[in-house]
Amino acid sequence: MGKDGECCSTHLIDGDGTFNASGLEIFMKEVKLSDCGLSYAVVSIMGPQSSGKSTLLNHLFHTNFREMDAYKGRSQTTKGIWMAKCPGIEPCTIVMDLEGTDGRERGEDDTAFEKQSALFALAVSDIVLINMWCHDIGREQAANKPLLKTVFQVMMRLFSPRKTTLMFVIRDKTRTPLENLEPVLREDIQKIWDSVPKPEAYKETPLSEFFNVEVVALSSYEEKEEQFKEQVASLRQRFNQSIAPGGLAGDRSGVVPASGFSFSSQEIWRVIKENKDLDLPAHKVMVATVRCEEIANEKYSSFITNKDWSEVEQSVHSHPVPGFGRKLSSILDTCLSEYDAEATYFEGGVRSTKRKQLEDKLLQLVQPAHQSMLGHIRSRTLDKFKDAFDNALKGGQGFAEAARESTKLFMNIFDEECTDAIIKQANWQSTKIRDKLRRDIDAHVAAVRTSELSELTTTYEKKLCEALSAPVEALLDGASDETWPAIRKLLQRECEIAISGFSSALSGFEMDEQDKNNMLSSLEDYARGIVEGKAKEEAGRVMIRMKDRFTTLFSQDSDSMPRVWTGKEDIRAITKTARSASLKMLSVMAAIRLDKYTDSIENTLSLALVDMNSGSAANKTTSSLDALASSTWEEIPASKTLITPVQCKSLWRQFKTETEYTVTQAIAAQEASKRSNNWLPPPWAIVVMILLGFNEFMTLLRNPLWLLVIFVGYLLSKALWVQLDISAEFRNGALPGLLSLSTKFLPTVMNLLKKLAEQGQVPTTNNNQRHQSLAANSFHSDSSGISSSESSEVISSDNGTEYSSPAVHNKTQ
């Protein structure tokens, strides 16, 4: 790696042909080539040894390549290929100095490296300078004609040709005008191009499609140095913006991004090194190679345009072609026979090699059609198999038997049809397509099997769901000691029916016994899951169920008729019975009992929640409550627990709270009924009233005017009671009622006196009618007032809770 001012250089390929990959990476980092994208140019120079190539590059691009010391004699200066960055030229320009050709150090026979380096320069460069002496124009070797011919031929075969500018630099120009020298050079290049054997794709391609040819002339550096420098400085201007439109490489193509230049260069050099065509073969072999290749290309082209082949190719893409193998074998045989007839007099080894290459190309060409034909056979066979297999299943044939027989039949049909598609020139096997068909058949059988088993399983699961869901829900709604035994019996019966039918249906699949048992076990588990799921669902609604059962038993008698609370019913006993039935519901829902085991959930709940105030259970209160202070039941696994003891206690508390109102209403109704039937005070009260009120009674007999005063006072009091609506005022409490009455009492009295005064001014007849109406209103008010009296009585329930009967505003009839 060398640096001189802005110039940076590296030894890219040494004299032994070793590519300096690490050096190139360092070089690219130093010159920041990776940042250039597509905005960079590569220039290389080739020419005879000691022709002043390095000197020209150093003056033209201000590089620092090593130059020959004229005082030490003429010898090889540049070995391999050197690379440097050109300072002061935009865009970034990289120049490569190639080892000179025709050097005595390499020897007259060792021309491989010359061809390799020249081909590398043409493959990677946008501009190639061909340095030559003016007096060598018109010569064969000195003008690099054989080298260019070989490089052109191999380049089109190894790489996709790119647009390259060839600039012939004529050194030590003589008196002969450039206008006379340039046509000679262009004619020589055209002849080289015309004589190079080209691939079929480039046979008619002109030289200008791949190369721009430029010719410049420079004076002698030693004799006319100043003139030489002026001409070089003028030439340097042409390399500025060389890739812009109109520049030296303005129409270049196939440019590799700068970041990939290192990898691309390494790959190109590897391909060049590994290619043997750069070693010129013997004349006879070379002629045979060129001619046999031309014949093979012609036959390949004629095969492509063959009418029979075109018809077969077009048809096979859409549908199977009958006699496909026979037709293609005949067309290929004709093509190869024509090649053999025309190439029979050429060297045998080359002829056979090119024939084999032609045959391989032809087979490669027809292989997609052959694959399409096999694909049609496979698809058609698969479709026929599916139809036949489905028909066999619909006909009642066992699944395994139908799959086995159909598979064997249609695999044989596929083998027979593949025999008709065999091309005799090719040793192609249909094993992969056959294996794919077998995999497709097996996949279809597996898919149908899965679908059939899934459908079968779904059918029996649906039957189990229909057979278990509604009955289990009804049994749980009944909630008795026989609920879970009845559920177990129902589950066992329905499982036996389902498993029997499912087992018979599975026999046609010829399943492994273990797999069959697993499926039957899964079906049984599904049935248990239905029951457990329904139990969990009902457990979530246990509070609703309990209240419904309590309401039903509490509000209806043994004949399912609504109860009429006449005062003779034992509300305590009815309440206890209804709550016991609700507790039964809670105990049944508390756990799943599909397995036969005993438990004491009902006794525990009864002792803790119902009998805790009874005398017989007084000593067990603490232990019973402790039994509910747990999250599990002693005899029940946690997975089978639906309602834990703690949840039962909480639910029972909520249940009692929500049912107390119903009991209270019943008590109130019963009290109202008693009052309506017993409007007289008790006998003892009547006796006391007679004894204590004898004097008052005698006073009234002696002075009857007191009766009139009492009657008038009663009427006034009753009128005030109705006007003030005292019963309504006291509904919200005593204090609010008193405050409200204190504000209304005086206005009401005044209003009442005012009305009485107005009534006194009307005629006597109207006055009599008014008294009659007032008496009637007083009578109705009296009845209403009697019914609006409040009563309150406290009754103790079975668990010690006291219920208070609310005020009854309407008299029970």
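Using the three backbone atoms N, Cα and C, a Cβ is placed for every residue, glycine included.
All annotation found in TrEMBL is predicted automatically rather than curated by experts.
Mean per-residue pLDDT, taken over the topological domain 'Cytoplasmic' (1-680), amounts to 81. The topological domain 'Cytoplasmic' annotation in TrEMBL covers 1-680 (among others).
Here TrEMBL flags 37-252 as domain 'GB1/RHD3-type G'.
Summarising the annotation, TrEMBL assigns GTP binding site to G47, P48, Q49, S50, S51, G52, K53, S54. In the shown protein chains, 23 other C-beta atoms lie within 10 A of the C-beta of G52 (GTP binding site).
Residues or ranges marked as topological domain 'Cytoplasmic' by TrEMBL: 726-813 (among others).
Look at TrEMBL and you will find 777-813 tagged as region 'Disordered'.
Annotation source TrEMBL lists compositional bias 'Low complexity' at 781-798.
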Per-residue Cβ crowding (10 Å cut-off), top of binding-site residues Q49, S50, S51: S51
Sort out for me which one of G47, P48 has the most neighbouring CB atoms within 10 A, since those are the binding-site residues we care about. G47
Quick check: which same-chain residues outside G47, P48, Q49, S50, S51, G52, K53, S54 lie with their CB within 8 A of the centre of the GTP site CB atoms? G100, N131
